[in-house]
Amino acid sequence: MIKRNIVLVGMMGSGKSHIGRKLAVRLGWQFVDTDRRIERQMGQSIADFFERAGEKVFREREINVLQQVSRYHEAVISFGGNFPMNIETYRILHRHGYIVALRSQPYRVEERVGRHIGKRPTVDYDNLHAFVTRMDAQWKHVYPYCDYVVDTTDYSAEEIVDIIVKRIKGDDIVFVSREPKEADGHHDK
Ligand SMILES: Nc1ncnc2c1ncn2[C@@H]1O[C@H](COP(=O)(O)OP(=O)(O)OP(=O)(O)O)[C@@H](O)[C@H]1O
Ligand SMILES: O=C(O)C1=C[C@@H](O)[C@@H](O)[C@H](O)C1
Ligand SMILES: [Mg+2]
């Protein structure tokens, strides 16, 4: 299989941003976090942008970022936790991206998401358990379409990076190197 990049998807708090950054460092690739990119483009936090512009505009911005970054070479791309995974977005991701889904047991997601009250605009912090249970049920339908699924409940970031690196070295994937004209030099923090 020939790919250009690795995309990390999964529910909020599964560790996409945390792991993605470290995976990119390990591979010597660029790192893109769609949330951070939107925050940079809009000059405000996701929570503020979402509140001011509304969900529709936020989702359009996410799709716009998806179209920009899905063609990158040698990039680890971490998506937002509410990123609309449907047939259309899946096709765009799958064309150039090796899709790694991060999943975690709901209790761990509750623990991680509950650490930053207010950061994630659509989370119902007053009923976190029920919210995460619903999210977990929705994501279960997405995993079968992904190239690889890693459970991050009980592993450190370093261990998860090791698991992904081992998998991509053994999974008969060739990652096409970046062409100079497409390199944009941006690294998301
Ligand atoms: N394997 C792990 N071990 C310990 N802590 C972790 C691990 N993965 C993530 N975390 C912590 O959990 C929190 C949520 O992680 P992170 O922000 O990476 O999730 P995310 O999947 O990017 O969420 P979102 O979809 O909202 O962007 C962070 O505080 C992060 O440091
Ligand atoms: O809809 C939401 O509440 C969110 C959307 C994504 O960008 C997430 O990454 C963010 O943390 C929360
Ligand atoms: Mg994130």
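Placed from the backbone N, Cα and C atoms, the Cβ positions cover glycine too.
When ARG71, ARG91, ARG95, ARG120 are compared with the ATP site residues GLY13, SER14, GLY15, LYS16, SER17, HIS18 in TrEMBL, the one appearing in that site is ARG120. If you take the C-beta of HIS18 (ATP binding site) and look for same-chain residues 6 or more apart in sequence within under 8 angstroms, you find ALA157. Around the Cβ of GLY81 (substrate binding site), the same chain contributes GLY10, MET11, MET12, GLY13, SER14, LYS16, ARG120, each under 8 angstroms and 6 or more positions distant in sequence. Those residues of the chain, other than ASP35, ARG59, GLY81, with a C-beta within 8 angstroms of the mean position of the substrate site C-beta atoms are THR34, ILE38, ILE46, PHE58, GLU62, PHE79, GLY80, ASN82, PHE83.
The binding-site residues under consideration are LYS16, ARG59, ARG120. Their Cβ neighbour counts within 10 Å are lowest for ARG59.
Only SER17, ASP35, in sequence order, out of the binding-site residues SER14, SER17, ASP35 have a CB under 6 Å from ligand 3.
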